[in-house]
Structures are given as C-alpha cells and as structure tokens.
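First comes the structure, then the notes that go with it.
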Amino acid sequence: LPTEDDMGNSEVGHNALGAGRIFAQGAKLVDSALETGKLYEGEGFKYIKESFPTNTLHLIGLLSDGGVHSRLDQLLLLVKGASERGAKRIRVHILTDGRDVLDGSSVGFAETLENYLAQLREKGVDAQIASGGGRMYVTMDRYENDWGVVKRGWDAQVLGEAPHKFKNAVEAIKTLRQEPNTSDQYLPPFVIVDENGKPVGPIVDGDAVVTFNFRADRMVMIAKALEYADFDKFDRVRFPKIRYAGMLQYDGELKLPSKYLVEPPEIDRTSGEYLTYNGVRTFACSETVKFGHVTFFWNGNRSGYFNPQMEEYVEIPSDSGITFNVQPKMKAVEIAEKGRGAILSKKFEQVRVNLPNSDMVGHTSSIEATVVACKAADEAVKIIIDAIEQVGGIYVVTADHGNAEDMVKRNKKGQPLLDKNGNIQILTSHTLQPVPIAIGGPGLAPGVQFRKDVPNGGLANVAATVMNLHGFEAPADYETTLIEVVDN
C-alpha cells in the first residue's frame, strides 16, 4: 500500500498472507502509471482513445478518497489526462462510499468533482456527472452475491433509467440522503437529466467505458456485464458495442477485462503453489463474501486449483438480499463444521478458512450486531481448534486487517467524536490497528516460540511461518518467519 496511513484491506492482506512478500498493489501501481504517464502509453488507453473523436468517455467507479477501492485524486488525474488527449465528451457515473470513509462525505466528494468538471467545461470539454448510487446498492456487488445490485447500476449507467432524476449530483445526494434508512452506502440509483428531462449520459454504441476502481472484487461483475456478449444474469435490454477497459485487470485467470489501463502486479511462487507441489494436500473454505480471499487472492490473484488432485475449495453461499447486521452470525458455524470435517478426515495437511463476521458486520455500523458476529466467530474458532486437538495438529489464527475492534470515530488524541446531538459517531471502515496472531496446538514441536528479532512482523511473514510449521524452509526472498526453535 502507498503509506502506513493507508488502511489494509482483505485483498492486499490475503495476497501478503499467501505470497510471503510485499508487492506493489493497485493504488501504488495506478499512482506510478499516472505520475510517469505510462498509463497513457499502454495498449488499454490507446484502445479507448479511438472513441474520443466522435463519442463519449464514461468513467464508472467509487467516488471516495478512502484508498481501498479507488481514490478521487486518481479519478481527477485520469479525467485531466483523457481531456488533454482528445476526450471531448466525458460522463462520470459515481458510486457513493460511506464505508471506507465517513458516512455523509459523498456530498463533499461530489462537489469537488463537479467543480473540476465545471473547469473543464470552461475549456470546451463537455464533462458532467451522469448517474449515481450507493456502493452497496448499485453496481458494486461481488462474488455473484446479488446480481440485482449490478442491474440497478446497468439501468442507470447504460440505459439512463433510474427511479430518481435530478439536475445535478450534489442535489441528488443531499435529497436522497434525507429518505429513511438511506446512507451513502445504500443511496438509491439516480440519473442526471437535462432541461428537457433527458438523461445526460447513457452509454451507447461507439462509446468508451473505464471502470476506474483499482481493487478487483467489486468490479468483476460489472466487468462481465460490460464485456461478455453471452450473458444471462439479468436482462441488459441492450448491449452497446463499446470500447471497455478496467483501471486494472480484475481477474487474471478469466482475463477480465481483456483491456486495462495499468498492468497488474505479477505475484508468483505463492506459498500455496509451493506447498501443493511438495505434497501438502490443502482444503480451503469460506462463505461467498470471502471465498475469493482464501482462494483467488491467497494464490496471488489466480483462479482455480494448482492441482485439483491435491486441493479442495468449498464455498458456502452467503445470505443475499439483506444487510449482514440482520444475520450477524452469517455462516461461521457452517464454515467451522466444514473445516472440522476436513481436519478429522485426515485427508489434508492444511485446512484454511476465513470467518468474515467481524469484518462484514463491522461495516454495518451496528455495534450490537457486531458483538453477536464476534461471538459467532469465537464459537467457530473453538469448533476448529477442538478438531485440531483431536488429531494432534497445529493452529494459526490471525486476521487480514482491523475493523470490529474499534467501531468509534476518534480525533487525533483518540477521543470519540460526537455528532450534533451528542451521540458517539460510529466507524464503519477498516482500522490501522496491527492484527494479532496466535500459534499453538498439540502438534507444535517443543521449543517453538515467537522470534524476538522480528519486532515489526506483518502479514507477509505468515507464509514463511506456515511453511516452517509444515516442515519446509521458506524461499530465501520470502519475508522472514515469525518463529524459531529454542532448545530447552
């Protein structure tokens, strides 16, 4: 990640856990490509640029400075660079955040974008916001949990159809936020219309489209809808012939999208690959919302098995159509039971699971539900550790980033922030806290202890540690192991 002040996220975290090394990730790659101008020299930009003389450039993504999925400054630089390279008509389709940043901050982000687009209009570029909606309700679903979310985005962005119509985005956000149970995350879809009531920016044949998020997981589904001619997840009504590129390639195995502006990090020689080819049979399991993390991201942004005879991946369907605070226990016990079964079967030397509760429910702002979620995760951990005790195994318990351990917004002194009514403001984003790690179990060799000479160990140190626990030396270029054996 760019700096120590950037919040970790699940994708970067699982990349580090699985790869054993730190790779420049989405935000850093995009920053570099924009700063050097390399982005504009690549095949992806050249591809979309062919639409500039006669058609519209559409930009779809999260309007935020959270740095988890996207960044506003990168969007502004991309708009600037495209306008300087021939884009005469630009439409931005915004998705409001309120999850990785403060709820309500979308108004300020929209004002910043509107002001910049107004400056471009003064220079003769027809640049406007065309549509919008909240990230959890419009476009940004993941792992095929709810295609209805993507359809709402498609209807607004491509067809120019939405239940709410406004003359500008700031007015839209302010008005819609006043509706009951509405927040930045769950803002209903809207389109911007002209003085005649016509939408200003539907996507049509010949247009160029860029999804500008750098994080992959919540762009894959809209990328499929934009790129695949053979598509049956919802009725697209029409499928415009466009030039589409992602900010990055979101799925290396699917080659999706086929065109992209920034080359992805090349993550090779992951711990999963090493262990599989050295005879370590592996079982990985989570529910839908984190299944990709214990497989695709763990394996270096690679879909599928290294060796299907040596691996088994199990996905438990997540609840769909509800927010996770409604069912905060999620599928923790089901995941644990699958893990327990895999352990007791003695078919596998490594069993890897992700319990999503504290992250997914922590994002909802409900402290009461998050307490229930954490208790469910605790129960699940006990089920797994009891099985490990039975077979004489070893456990490693850690996390990919912080979230539920602090759900209060704080000032620089650590004091809680209050709203205008004197109530504590709830934090829905990840945190900058270090994550814990616990290693134990009856299979742990006598004398194994944490090293004292790795005071700043992080997620990338876990891979070498796990390889050591399996009886292997880690590759020399991996981040060092966290453990050592001390003779008693």
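Quick reminder: no glycine exception, Cβ is built from N, Cα and C everywhere.
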Identity of the substrate-site residue among H69, H93, H164 (reference: R99, D100, R135, R142, R215, A216, D217, R218, K290, source: Swiss-Prot): H69
H363 (Mn(2+) 1 binding site) and A216 (substrate binding site), Cα-Cα, nearest whole angstrom: 19
Listed binding-site residues D100, R218, H401, filtered to Cα within 10 Å of H430 (Mn(2+) 1 binding site): D100, H401
Mn(2+) 1 site shell beyond D359, H363, H430, criterion: Cβ within 8 Å of Cβ centroid: S10, R99, S358, M360, G362, H401, N403, A404, T428, S429
Cβ within 8 Å of the mean position of the Cβ atoms of S10, D400, H401: remaining residues of the chain near Mn(2+) 2: G8, N9, E11, V12, G13, H14, H293, D359, A399, H430
Rounded inter-Cα distance in Å - R142 (substrate binding site), S10 (active site, phosphoserine intermediate): 13
Neighbours of D100 (substrate binding site) among the recorded positions S10, H363, D400, H401 (Cα to Cα, within 10 Å): H363
Pairwise CA distance, D400 (Mn(2+) 2 binding site) versus R218 (substrate binding site), rounded so that it is a whole Å: 18
Three-class DSSP secondary structure - H363 (Mn(2+) 1 binding site): helix
